[in-house]
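Enquirer: Can you keep this structure in mind? I'll have questions shortly.
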Amino acid sequence: MTIVGHILGFPRIGLHRELKYALEYYWDGKIKEDKLLEIGRTLRIRHWKQQKDSGIDWISVGDFAWYDHVLTTSLMLNNIPDRHRIGQENINLNTLFRISRGYSLDKKLIPPSEMKKWFNTNYHYIVPEFVPNQEFKLNWTQLFDEIDEALSLKYTVKPILLGPISYLWLGKIKGKKFDRLSLLPNLLSVYQEILDILLSKNIDWIQIDEPILVLELPLQWLNAYLSAYEQLHGKVKLLLTTYFDSIYHQLDIITRLKIDGLHVDLVSNPDNIPLLHARLPKHWTLSAGVVNGRNVWKTNLHDWFKKLYPLVGERSLWIGSSCSLLHSPIDLNTEIKLDKHIKEWFAFALQKCYEIKMLCAALNAENTSDATYEDTLSEYYISNNLRSYSSTIHNIQVKKRLEHIDEISYSRSSPYTTRVTLQHKKLNLPLFPTTTIGSFPQTEEIRKLRSRFKNNQINKEDYHLNIKNYIKKIIMEQEKLDLDILVHGEPERNDMVEYFGENLNGFIFTQNGWVQSYGSRCVKPPVIIGDISRSKPITIEWISYAQSLTNKPIKGILTGPVTIMSWSFPREDMQRKTIALQLALSIRDEVIDLEKSGIGIIQIDEPALREGLPLKRSDQKQYLEWAINVFRITVSSVKDDTQIHTHMCYSEFSDIIYAILALDADVISIEAARSDEKILKSIRHVIKNLNEIGPGIYDIHSPNKPTQNDLIRRINQLLKYIPEQRLWINPDCGLKTRSWPEIKHSLNNMVSAAKLLRKQFYSS
């Protein structure tokens, strides 16, 4: 039996982020739809060829998406919220963008669908919406069109389809509550139709993704798998695909399914290969996800060879990535500035394809007693074996400081009830204080300035002078808007994680290591390669300068340790807890220096706190314990009258509400504008125990411009759950990606709405 290689998906954005720019040009009206479609087609053809040239046997089709793959699935199933059908006879590309971004109709804002994190990654998906008695039907033909494209180029095609049970689980109910599984029979009829079409195209295998099987699911959802795959089996061979965690707890159910193969993320749990082999039906194909799709380190191919070799000849075996390579940068060969010794430690998406080819070749060759491949695998990883001796990754002072971590208090010196009185006296803020989350528009001019400085085209003095001029403008604009708490706007920061990584020891940075976060939004995560420490203050110059320009309080913005770790590519030779503690000590030093410089409000952004939560509930308690302690170590040194804020992004806050309480931040702002009242309803039983909260009164990711009345309605909604003395008024996220005209309009209406309601409360 020949062992074949495949991947679970390939990055779609393009080596130079071509898809990002094409989407933004299209949204801005700078290119037509036919040009956008042409760019997408060019990217797909290039990516298929790259996979084939790298030695991949089955070419994945269906991983390309104009915004995200879950939304693509919704369109294929004709699951379009009624508010996005208005004025549109047929589903088209603009329908997709309406759902993901929102739009205006007759001066009325039509909100986008909710956006959520894709499991425990920094990728986001647009949440499907379900109503009682909803009917699905086959509509959007993107998958079939792309299969035809690939077949015309003579590739061996493996279509990718999000499975029906996971699709239902990932969605949300709109309106009256009902059992989402009641929609399954109708949904399965559409999936059968899809499989019939694939059969007519002579498709042999389909990758059907059911990632929720790694969760600890209710029994009725597990039982739904049995009937669903009984119904779907027999048309095209089904490779049931799971990722991001182990599925050993579900083997009793999985082994009863009518499928033809199973993909398992072995990176998450590599030690149970013998158990898998013993438990899975002998006629099934086992797809071994051994190349990490979520990190950039080389794979220890020789180690995997030894683990997988006993299966050779015993069953049908595929070698694959642990998950989609969507979460990986594309090509290491473009990183011409990386130190060559450090570069040898890494593998990006194309190199990961080559790793799969190498492992397949070695396992296949072993069938013919050719052992030379095994030596090649050992040589491939030798640089990573030597890494543990590198002075680049070790810092004795950091290790010594960690040894004494228990000497640091995990708590503020006084409880919130004491602190709040001192803080209110010092800050003298009105009811419904207004602020922003931190960043202001990153104009082309600012980006060019940073690029020129990075490329040594201007000196440090000129760069600092220009950045301070931008800060001055940002302060002036905020004062004109009459915001209560100001920020310096972060013009010096390219990215909230990359900026801090650049100013800490233990990180390296890529030129082209971009990965998609959502839609056209891409991030370039730094790589943590060694022990982390702070050599000098990072933000003091900019934030202190901002405070010198105004009598209003300036809020210093820092990225928190858990988020820096989660949004970087972490070390694989160190536990996440230890990495986070190293970061906590570094950011703690910055907090101390900010307070010494006279900054009385400090915000520690932790948007990734929920994201880092293990997928299995039984594993979550331990993570939350150390994540909470990491945050508290970061801020425990400050005085009682220093106000500590934190900010969190798209999250199921009900899952971690007690952890949020345990952070003991004075003010928390959350990204909740897309969620209507859902988040507040889910935590209403503990809101009385929260300190102060700013839920976000408008969605900055949508181009919609909220009116004053829109914002008043939103604030009144919030007041049903939050006492007025504890409610802050703010956008739901940073303003980096918006234009100045947009934010002036929205913030002016936000401040006006707060003032109007403030007046009503003071006079009542």
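Backbone N, Cα and C define each Cβ position, glycine as well.
Since this is a predicted model, take the numbers as computed values, not measurements.
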Enquirer: Can you find which of ASP303, ASP331, ASP605, ASP619 Swiss-Prot lists as binding L-methionine at the same site as ILE437, GLY438, SER439, GLU490?
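Expert: Matched candidate out of ASP303, ASP331, ASP605, ASP619, per Swiss-Prot for L-methionine with ILE437, GLY438, SER439, GLU490: ASP605.
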Enquirer: May I ask you to find which of LYS116, LYS117, LYS425, LYS720 Swiss-Prot records for the 5-methyltetrahydropteroyltri-L-glutamate site already listed with ARG17, GLU18, LEU19, LYS20, ARG521, CYS522, TRP567, GLU611?
Expert: LYS117
Enquirer: Taking 10 A as the limit, how many CB atoms besides its own sit near the CB of ARG17 (5-methyltetrahydropteroyltri-L-glutamate binding site)?
Expert: 18
Enquirer: Within 10 Å of ASP605 (L-homocysteine binding site), Cα to Cα, which of the binding-site residues CYS522, GLU611, CYS649 are there?
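Expert: Qualifying among CYS522, GLU611, CYS649: CYS649.
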Enquirer: List every residue in the same chain as GLY438 (L-homocysteine binding site), at least 6 positions away in sequence, whose Cβ is under 8 Å from its Cβ.
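Expert: When sequence neighbours closer than 6 are ignored, GLY438 (L-homocysteine binding site) has VAL487, GLY489, GLU490, MET496, LYS555, ILE557, GLN603, ASP605, HIS647, GLY734 within Cβ distance under 8 Å.
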Enquirer: In which DSSP state, out of helix, strand and coil, do we find HIS647 (Zn(2+) binding site)?
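Expert: Going by the DSSP assignment, HIS647 (Zn(2+) binding site) falls within a strand, counted as strand.
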Enquirer: Tell me the Cβ neighbour count for CYS649 (Zn(2+) binding site), meaning other Cβ atoms within 10 Å of its Cβ, over all protein chains shown.
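Expert: Around the Cβ of CYS649 (Zn(2+) binding site), 25 other Cβ atoms lie within 10 Å.
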Enquirer: Between CYS733 (Zn(2+) binding site) and LEU19 (5-methyltetrahydropteroyltri-L-glutamate binding site), how many Å separate their Cα atoms?
Expert: 24
Enquirer: What does the structure give for the C-alpha distance between SER439 (L-homocysteine binding site) and HIS701 (active site, proton donor)? Integer Å is fine.
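Expert: Cα to Cα, SER439 (L-homocysteine binding site) and HIS701 (active site, proton donor) are separated by 13 Å.
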Enquirer: Whole number in angstrom, please: the longest C-alpha to C-alpha distance across ILE437, GLY438, SER439, GLU490, ASP605 for L-homocysteine.
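Expert: That value is 13 Å for the farthest Cα pair.
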Enquirer: Including all protein chains displayed, how many Cβ atoms other than that of ASP605 (L-homocysteine binding site) lie within 10 Å of its Cβ?
Expert: 23
